[in-house]
Amino acid sequence: MTPGIRPLVAGNWKMNGTSASLNELRMIGNGFMSGLDAETEALVCVPATLLSHAAEILSRTPVHAGGEDCHTKESGAYTGCISAEMLKDAGASHVIVGHSECREQRGEDDATVQAKAAAAWRAGLVAIICIGETQQQREAGATLEVLSRQVAGSVPPSATPSNTVIAYEPVWAIGTGLTPTAADVAEAHAHIRERLSEKLGASAAKTRILYGGSVKPSNAVELLGVRNVDGALVGGASLKAADFLGIAEAYRSISG
(Lines of atoms letter the chains of each structure in order from A and count residues from 1; the text may use other names and numbers.)
(Lines give C-alpha, C1' and ligand atoms only; values in the text may rest on other atoms or scores of the structure.)
Protein backbone atom coordinates (compact mmCIF):
# COMPACT_ATOMS: atom_id res chain seq x y z
CA MET A 1 0.00 0.00 0.00
CA THR A 2 0.97 3.61 -0.45
CA PRO A 3 0.13 6.02 2.37
CA GLY A 4 -2.54 8.50 1.34
CA ILE A 5 -3.79 6.47 -1.64
CA ARG A 6 -7.16 4.74 -1.46
CA PRO A 7 -6.71 1.30 -3.03
CA LEU A 8 -8.73 0.05 -5.99
CA VAL A 9 -9.77 -3.56 -6.56
CA ALA A 10 -10.77 -3.93 -10.21
CA GLY A 11 -12.26 -7.01 -11.82
CA ASN A 12 -11.77 -7.95 -15.47
CA TRP A 13 -14.28 -10.51 -16.72
CA LYS A 14 -12.59 -10.74 -20.15
CA MET A 15 -14.69 -12.72 -22.70
CA ASN A 16 -16.80 -14.34 -20.00
CA GLY A 17 -20.34 -13.86 -18.78
CA THR A 18 -23.89 -13.67 -20.06
CA SER A 19 -27.02 -12.23 -18.49
CA ALA A 20 -27.09 -15.32 -16.27
CA SER A 21 -23.83 -14.13 -14.69
CA LEU A 22 -25.26 -10.86 -13.44
CA ASN A 23 -26.27 -12.38 -10.12
CA GLU A 24 -22.57 -12.63 -9.23
CA LEU A 25 -22.34 -8.91 -9.95
CA ARG A 26 -25.29 -8.24 -7.66
CA MET A 27 -23.57 -10.16 -4.89
CA ILE A 28 -20.37 -8.18 -5.43
CA GLY A 29 -22.30 -4.92 -5.18
CA ASN A 30 -24.14 -6.06 -2.07
CA GLY A 31 -20.88 -7.21 -0.50
CA PHE A 32 -19.38 -3.76 -0.75
CA MET A 33 -22.47 -2.23 0.83
CA SER A 34 -21.60 -4.09 4.03
CA GLY A 35 -18.71 -1.77 4.78
CA LEU A 36 -15.98 -2.95 2.40
CA ASP A 37 -16.24 0.35 0.54
CA ALA A 38 -14.63 1.99 3.56
CA GLU A 39 -11.49 -0.06 2.89
CA THR A 40 -11.19 0.12 -0.88
CA GLU A 41 -12.77 1.42 -4.08
CA ALA A 42 -14.17 -1.28 -6.35
CA LEU A 43 -14.73 -1.69 -10.08
CA VAL A 44 -15.81 -4.54 -12.34
CA CYS A 45 -14.99 -4.33 -16.05
CA VAL A 46 -17.37 -6.49 -18.06
CA PRO A 47 -17.95 -7.41 -21.72
CA ALA A 48 -19.65 -4.67 -23.74
CA THR A 49 -22.78 -6.81 -24.07
CA LEU A 50 -23.27 -6.66 -20.29
CA LEU A 51 -22.10 -3.14 -19.56
CA SER A 52 -25.42 -1.29 -19.49
CA HIS A 53 -26.96 -4.04 -17.33
CA ALA A 54 -23.94 -4.01 -15.02
CA ALA A 55 -24.03 -0.23 -14.67
CA GLU A 56 -27.70 -0.34 -13.73
CA ILE A 57 -27.19 -3.10 -11.15
CA LEU A 58 -24.15 -1.43 -9.60
CA SER A 59 -25.65 2.07 -9.62
CA ARG A 60 -27.28 1.28 -6.27
CA THR A 61 -23.96 0.16 -4.75
CA PRO A 62 -20.47 1.65 -4.20
CA VAL A 63 -19.05 -0.47 -7.05
CA HIS A 64 -18.29 1.04 -10.47
CA ALA A 65 -18.79 -0.60 -13.89
CA GLY A 66 -16.10 -0.42 -16.54
CA GLY A 67 -15.16 -1.45 -20.06
CA GLU A 68 -12.44 -3.88 -21.07
CA ASP A 69 -10.99 -2.01 -24.05
CA CYS A 70 -11.75 0.87 -26.41
CA HIS A 71 -10.84 2.16 -29.84
CA THR A 72 -8.62 5.18 -30.36
CA LYS A 73 -11.33 6.90 -32.43
CA GLU A 74 -14.64 8.35 -31.29
CA SER A 75 -16.59 6.84 -34.19
CA GLY A 76 -16.18 5.61 -37.75
CA ALA A 77 -15.98 2.58 -40.02
CA TYR A 78 -14.41 0.20 -37.51
CA THR A 79 -16.63 -2.87 -37.57
CA GLY A 80 -16.84 -4.69 -34.28
CA CYS A 81 -14.97 -2.04 -32.29
CA ILE A 82 -16.17 -0.07 -29.27
CA SER A 83 -15.36 3.59 -28.68
CA ALA A 84 -14.76 5.14 -25.29
CA GLU A 85 -17.81 7.33 -25.89
CA MET A 86 -19.95 4.21 -26.33
CA LEU A 87 -18.65 2.80 -23.06
CA LYS A 88 -19.38 6.05 -21.27
CA ASP A 89 -22.88 6.12 -22.73
CA ALA A 90 -23.46 2.57 -21.48
CA GLY A 91 -22.52 3.56 -17.93
CA ALA A 92 -18.78 2.93 -17.66
CA SER A 93 -16.54 5.00 -15.41
CA HIS A 94 -13.24 3.29 -16.32
CA VAL A 95 -11.74 1.34 -19.20
CA ILE A 96 -8.78 -1.04 -19.39
CA VAL A 97 -6.25 -0.28 -22.13
CA GLY A 98 -3.06 -2.08 -23.11
CA HIS A 99 -3.92 -5.41 -21.51
CA SER A 100 -1.26 -7.96 -22.38
CA GLU A 101 -3.81 -10.09 -24.24
CA CYS A 102 -4.59 -7.14 -26.52
CA ARG A 103 -0.91 -6.34 -26.97
CA GLU A 104 -0.10 -9.94 -27.88
CA GLN A 105 -3.19 -11.04 -29.81
CA ARG A 106 -3.85 -7.79 -31.67
CA GLY A 107 -0.32 -6.47 -31.97
CA GLU A 108 -0.99 -3.30 -29.99
CA ASP A 109 2.12 -1.22 -29.37
CA ASP A 110 2.80 1.42 -26.75
CA ALA A 111 1.74 4.27 -29.06
CA THR A 112 -1.66 2.65 -29.61
CA VAL A 113 -2.11 2.15 -25.88
CA GLN A 114 -1.29 5.79 -25.24
CA ALA A 115 -3.81 6.85 -27.90
CA LYS A 116 -6.47 4.67 -26.28
CA ALA A 117 -5.79 6.26 -22.90
CA ALA A 118 -6.21 9.70 -24.43
CA ALA A 119 -9.45 8.56 -26.08
CA ALA A 120 -10.71 7.36 -22.70
CA TRP A 121 -10.02 10.75 -21.16
CA ARG A 122 -11.82 12.58 -23.95
CA ALA A 123 -14.90 10.51 -23.18
CA GLY A 124 -14.65 11.20 -19.46
CA LEU A 125 -13.35 7.77 -18.48
CA VAL A 126 -10.48 6.80 -16.22
CA ALA A 127 -7.87 4.80 -18.16
CA ILE A 128 -6.36 1.71 -16.52
CA ILE A 129 -3.09 1.36 -18.43
CA CYS A 130 -1.59 -2.14 -18.30
CA ILE A 131 2.13 -2.83 -18.50
CA GLY A 132 4.23 -5.92 -17.80
CA GLU A 133 6.95 -8.25 -19.00
CA THR A 134 6.72 -11.65 -20.71
CA GLN A 135 8.36 -14.82 -19.42
CA GLN A 136 11.07 -14.51 -22.07
CA GLN A 137 11.82 -10.93 -21.05
CA ARG A 138 11.88 -11.91 -17.39
CA GLU A 139 14.32 -14.77 -18.02
CA ALA A 140 16.55 -12.38 -19.99
CA GLY A 141 16.69 -10.06 -16.98
CA ALA A 142 14.91 -7.32 -18.91
CA THR A 143 11.90 -6.76 -16.63
CA LEU A 144 12.83 -3.26 -15.48
CA GLU A 145 13.93 -2.22 -18.96
CA VAL A 146 10.58 -3.34 -20.38
CA LEU A 147 8.66 -1.49 -17.68
CA SER A 148 10.66 1.69 -18.32
CA ARG A 149 9.91 1.49 -22.03
CA GLN A 150 6.21 0.84 -21.49
CA VAL A 151 5.81 3.70 -19.01
CA ALA A 152 7.58 6.01 -21.45
CA GLY A 153 5.49 4.91 -24.43
CA SER A 154 2.09 3.94 -23.02
CA VAL A 155 1.43 6.66 -20.43
CA PRO A 156 0.48 10.07 -21.85
CA PRO A 157 2.53 12.94 -20.39
CA SER A 158 -0.66 14.64 -19.18
CA ALA A 159 -1.70 11.68 -17.01
CA THR A 160 -2.96 12.57 -13.53
CA PRO A 161 -4.06 10.54 -10.50
CA SER A 162 -7.68 11.39 -11.33
CA ASN A 163 -7.65 10.16 -14.94
CA THR A 164 -5.12 7.32 -14.86
CA VAL A 165 -4.45 4.07 -13.03
CA ILE A 166 -1.43 1.90 -13.85
CA ALA A 167 -1.72 -1.90 -13.66
CA TYR A 168 1.44 -3.99 -13.49
CA GLU A 169 0.65 -7.44 -14.83
CA PRO A 170 3.58 -9.79 -15.36
CA VAL A 171 2.36 -11.58 -18.47
CA TRP A 172 3.72 -14.93 -17.35
CA ALA A 173 1.55 -14.80 -14.20
CA ILE A 174 -1.79 -14.07 -15.89
CA GLY A 175 -4.15 -17.03 -15.65
CA THR A 176 -1.28 -19.44 -15.01
CA GLY A 177 -1.47 -19.76 -11.25
CA LEU A 178 2.14 -18.57 -11.09
CA THR A 179 2.77 -15.58 -8.86
CA PRO A 180 5.90 -13.47 -8.39
CA THR A 181 7.32 -13.15 -4.91
CA ALA A 182 6.45 -10.14 -2.78
CA ALA A 183 10.04 -8.97 -3.31
CA ASP A 184 9.63 -9.19 -7.10
CA VAL A 185 6.40 -7.20 -6.94
CA ALA A 186 7.97 -4.61 -4.65
CA GLU A 187 10.90 -4.11 -7.02
CA ALA A 188 8.64 -3.75 -10.07
CA HIS A 189 6.22 -1.34 -8.42
CA ALA A 190 9.01 0.81 -6.97
CA HIS A 191 10.58 1.00 -10.42
CA ILE A 192 7.28 1.98 -12.02
CA ARG A 193 6.77 4.69 -9.40
CA GLU A 194 10.24 6.07 -10.13
CA ARG A 195 9.65 6.14 -13.88
CA LEU A 196 6.27 7.81 -13.38
CA SER A 197 7.92 10.43 -11.17
CA GLU A 198 10.42 11.21 -13.91
CA LYS A 199 7.62 11.57 -16.43
CA LEU A 200 4.79 13.12 -14.44
CA GLY A 201 6.49 14.86 -11.54
CA ALA A 202 4.93 15.11 -8.10
CA SER A 203 1.56 13.69 -9.20
CA ALA A 204 3.16 10.26 -9.62
CA ALA A 205 3.24 9.89 -5.85
CA LYS A 206 -0.58 9.82 -5.84
CA THR A 207 -1.08 7.68 -8.97
CA ARG A 208 -2.45 4.24 -8.19
CA ILE A 209 -0.39 1.26 -9.32
CA LEU A 210 -2.34 -2.01 -9.24
CA TYR A 211 -0.92 -5.51 -9.30
CA GLY A 212 -2.48 -8.07 -11.65
CA GLY A 213 -1.60 -11.70 -12.20
CA SER A 214 -3.20 -14.72 -10.48
CA VAL A 215 -4.48 -12.66 -7.54
CA LYS A 216 -6.74 -14.72 -5.30
CA PRO A 217 -7.99 -14.58 -1.71
CA SER A 218 -5.20 -16.87 -0.50
CA ASN A 219 -2.39 -14.53 -1.63
CA ALA A 220 -4.12 -11.15 -1.49
CA VAL A 221 -2.86 -10.06 1.92
CA GLU A 222 0.76 -10.79 0.97
CA LEU A 223 0.60 -9.09 -2.43
CA LEU A 224 -1.62 -6.13 -1.61
CA GLY A 225 0.37 -5.31 1.51
CA VAL A 226 3.50 -4.59 -0.54
CA ARG A 227 4.59 -0.96 -0.63
CA ASN A 228 3.53 0.86 -3.83
CA VAL A 229 0.82 -1.75 -4.53
CA ASP A 230 -2.37 0.29 -4.52
CA GLY A 231 -4.88 -2.43 -5.36
CA ALA A 232 -5.39 -5.30 -7.75
CA LEU A 233 -6.52 -6.00 -11.30
CA VAL A 234 -8.29 -9.32 -10.86
CA GLY A 235 -9.07 -11.70 -13.72
CA GLY A 236 -10.64 -15.11 -13.14
CA ALA A 237 -11.28 -14.52 -9.45
CA SER A 238 -13.56 -11.59 -10.29
CA LEU A 239 -16.07 -13.94 -11.92
CA LYS A 240 -17.11 -15.28 -8.52
CA ALA A 241 -18.41 -12.85 -5.93
CA ALA A 242 -16.95 -14.85 -3.04
CA ASP A 243 -13.45 -14.72 -4.51
CA PHE A 244 -13.58 -11.05 -5.51
CA LEU A 245 -14.94 -10.02 -2.12
CA GLY A 246 -12.33 -12.21 -0.45
CA ILE A 247 -9.59 -10.27 -2.20
CA ALA A 248 -11.11 -6.96 -1.15
CA GLU A 249 -11.41 -8.28 2.41
CA ALA A 250 -7.62 -8.45 2.51
CA TYR A 251 -7.60 -4.72 3.14
CA ARG A 252 -9.32 -5.22 6.48
CA SER A 253 -6.28 -7.21 7.60
CA ILE A 254 -3.76 -4.88 5.99
CA SER A 255 -5.25 -1.66 7.32
CA GLY A 256 -6.04 -3.21 10.67
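Quick reminder: no glycine exception, Cβ is built from N, Cα and C everywhere.
Among the candidates GLY35, GLY67, GLY153, GLY175, the residue that Swiss-Prot names alongside ASN12, TRP13, LYS14, SER214, GLY235, GLY236 for the substrate site is GLY175.
With every protein chain in view, the residue among the binding-site residues GLY175, GLY235, GLY236 whose Cβ has the most Cβ partners within 10 Å turns out to be GLY235. Taking the Cα atom of each, GLY175 (substrate binding site) and GLU169 (active site, proton acceptor) are about 11 angstrom apart. In this structure, the CA atom of SER214 (substrate binding site) is 14 Å away from the CA atom of HIS99 (active site, electrophile). In this structure, GLY236 (substrate binding site) is part of a helix by DSSP.
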